[in-house]
Amino acid sequence: MIKFALALTLCLAGASLSLAQHNPQWWGNRNTIVHLFEWKWSDIAEECETFLAPRGFAGVQVSPVNENIISSGRPWWERYQPISYKLTTRSGNEEEFADMVRRCNDVGIRIYVDVLLNHMSGDFDGVAVGTAGTEAEPSKKSFPGVPYTAQDFHPSCEITDWNDRFQVQECELVGLKDLNQHSDYVRSKLIEFLDHLIELGVAGFRVDAAKHMASEDLEYIYGSLSNLNIDHGFPHNARPFIFQEVIDHGHETVSREEYNELGAVTEFRFSEEIGKAFRGNNALKWLQSWGTDWGFLKSEQALTFVDNHDNQRDQGAVLNYKSPRQYKMATAFHLAYPYGISRVMSSFAFDDHDTPPPQDAQENIISPEFDEDGVCVNGWICEHRWRQIYAMVGFKNAVRDTELHGWWDNGDNQISFCRGNKGFLAVNNNLYDLSQELNTCLPAGEYCDVTSGSLIDGACTGKSVTVNEHGYGYIHIGSDDFDGVLALHVNAKV
C-alpha cells in the first residue's frame, strides 16, 4: 500500500508538472507572443517598453542566446550552431541580455528563449572561433568552452531514413554534432544552462529540434529545472513555459503526441492549412470547424503561427510577408479564432534561404528604423508593427474567454463570426465585394474597424460600422480594398 501511494504521488506530481509547463505565465489578459527574429537585446528592451507593452503583447521569443560559430556571410542559421553556453552573440552579451529581460518583465512582457539542446555546431575546417572568442574543433567533437568531448555525443551517422527512430534521434541533423541527452554529464550541462537563464528572469523556452531527442530525456531535463524567478514578478512555484519544435505532418515515426504532455508543441499543420486556405486553395467556409477537427492538437497544447523563421523561407503553401494582403487576413483569423497559444512573426527581408539579418559593413546587426507611421525600414519587416496585426492583438485581448458563435459564410470565401458580445470579424477572400447586413453580436453603437484605422480622441481614422439594437451592422469589404478583413470590438467603440 505504501509503495502504491508513493507511485500515485509521483504520478500526480509529474502530471501537475507537465500541466504547469503549458502555462505561458502571461500578465493579465494578454495573449500573444511575437518572435523578434535576430533583434539585438537592447532593441528588444526598448521595443518592450515603447511598443509591445502599450499594445498589449504578452511576450517575446528571442533568437538563441548562447555563443555560436561564426560562419562566412553571417547567415541567420549560424545562431543554431552553438559552441559554448556563454551568453554572447550578435544580439549582445550577458549583461545586455539580463538588462533586456529585466526591462521587459517590468512592463509585463515575458521572454522565451530559443534553446538548442539537441546538438552543437556542424563540421568546420580546422579550429572554429565563436562569437565570444571561444575556440572549438567541431570535426573532433571538441568544445572546450562547455566542455564537451567526443564521449558526450552520439556516434556520427547521417539521417537517410526519416521513418527510422534511431536515425532521427541519434544521428546528426544536417551534420550537426548530436549530443547524448541520456548522459548524466550532458544533462547536467543543459540543466545548468537553462537554470542560468531562469535565474536571469526568462519565462520559458522554445526547444529547437525537440523531435530529435527522446521524450524521456527531455522529461528528465524539464523536470529538473528550477522554478521561475520570483524577483521578476513570477508567482511562487511557477514552472517555465515549454514549447517544443516537433514537425509532424501526421505520418511521422516520431510523433508530436510523445511531447505534448511535456509542454506545448509547435502546430505546423496549423501553419500549412491556414496558408492553403488564404491562398485560395481551400474555401474559408470550412474554417468554421478550425482546430482539433482538423487533426490539430488540443488548444492548450498547440503553439500556433501563420509562419515561422524556417518555413517562411520554404516554397509551398505557407504564407509570409511577401503576400501581405493574404498574410494580414490569415493573421487576423489566427488571432480572432479561439484556438491555440498564438505567436506572430517579426521578420527581416530575405531574397534567399541564407540571407543574414540587416547588418553594417563590419557585419554587426543594425537596429531597426521606423518611418512616421512606426513601420520598420532599413531591411527589417516587423510584421508586428503593421496596424492590421497589432490591432488584432488588441482584439484578442478584448475578447479573451469568450466563445465563438454567430458564424456566417457565403458558401465560399466570405466569412464572419462573433466572439461573445465583445468582438466581430469579417473576411473577404473572394474576387467580388462583401456587402451584407450581418449580426455582429455587439451592443448597439458605432465601432471603429481596427484593421483599417485607429480610435484616436473618440474618432475613427478608418472605416466605422453602426450596430443597431439587434446587433446587426452593414459590412462592406471590397474585393480591391487594401485589407480583406474588418474587425470590431468593444474597446474600439466610438
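The backbone N, Cα and C atoms fix where each Cβ goes, glycine too.
These figures come from a predicted structure and were not determined experimentally.
Per Swiss-Prot, these features apply:
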MOD_RES   Gln21  pyrrolidone carboxylic acid
DISULFID  Cys48-Cys104  disulfide bond
BINDING   Asn118, Gln169, Asp178, His212  Ca(2+) binding site
DISULFID  Cys157-Cys171  disulfide bond
BINDING   Arg206, Asn308, Arg343  chloride binding site
ACT_SITE  Glu245  active site, proton donor
DISULFID  Cys376-Cys382  disulfide bond
DISULFID  Cys418-Cys441  disulfide bond
DISULFID  Cys448-Cys460  disulfide bond
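Feature map: Swiss-Prot annotations on the structure.
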{"residue": "Cys48", "record": "disulfide bond", "Cβ contacts under 8 Å, 6 or more apart": "Val60, Met100, Arg103, Cys104, Val107, Ile109"}
{"residue": "Asn118", "record": "Ca(2+) binding site", "Cβ contacts under 8 Å, 6 or more apart": "Leu173, Leu176, Asp178, Leu179, Gln181, Asp208, Ala209, Ala210, His212, Met213"}
{"residue": "Cys171", "record": "disulfide bond", "Cβ contacts under 8 Å, 6 or more apart": "His154, Ser156, Cys157, Glu158, Ile159, Asp178"}
{"residue": "Asn308", "record": "chloride binding site", "Cβ contacts under 8 Å, 6 or more apart": "His35, Thr266, Ser271, Arg343, Met345"}
{"residue": "Cys382", "record": "disulfide bond", "Cβ contacts under 8 Å, 6 or more apart": "Ser346, Ser347, Pro368, Val375, Cys376"}
{"residue": "Cys418", "record": "disulfide bond", "Cβ contacts under 8 Å, 6 or more apart": "Leu404, His405, Gly406, Phe424, Asn439, Thr440, Cys441, Leu442"}
{"residue": "Cys460", "record": "disulfide bond", "Cβ contacts under 8 Å, 6 or more apart": "Glu446, Cys448, Asp449, Gly453, Ser454, Ala492, Val494"}
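The Cβ of Arg206 (chloride binding site) has Gln61, Tyr112, Val113, Asp114, Val115, Phe243, Gln244, Glu245, Thr266, Leu303 as same-chain neighbours under 8 Å, each 6 or more residues away in sequence. Around Gln21 (pyrrolidone carboxylic acid), the same-chain residues six or more apart in sequence whose CB sits under 8 Å from its CB are Gly204, Tyr222, Arg239, Pro240, Phe241, Ile242, Leu262, Gly263, listed in sequence order. For the recorded Ca(2+) site, residues Asn118, Gln169, Asp178, His212 set the reference point as the centre of their Cβ atoms, and the other residues of that chain within 8 Å of it by Cβ are His119, His154, Val168, Glu170, Cys171, Glu172, Leu173, Leu179, Gln181, Ala209, Met213. Look at Cys418 (disulfide bond): DSSP puts it in a strand. Within 8 Å of the centroid defined by the CB atoms of Arg206, Asn308, Arg343, the record's chloride site, lie the Cβ atoms of Ile33, His35, Gln61, Asp114, Phe243, Glu245, Thr266, Leu303, Phe305, His309, Met345, excluding the listed residues themselves.
According to DSSP, Cys376 (disulfide bond) is assigned to a strand segment. Residue environment of Cys376 (disulfide bond) contains 21 other Cβ atoms, counted within 10 Å of its Cβ in all protein chains. Long-range Cβ contacts of Gln169 (Ca(2+) binding site) within its own chain (separation 6+, distance under 8 Å): Lys211, His212, Met213, Ala214, Val254. A sphere of 10 angstroms centred on the C-beta of Cys104 (disulfide bond) encloses 28 other C-beta atoms. Secondary structure at Cys171 (disulfide bond), taken from DSSP and collapsed to helix, strand or coil, is coil.
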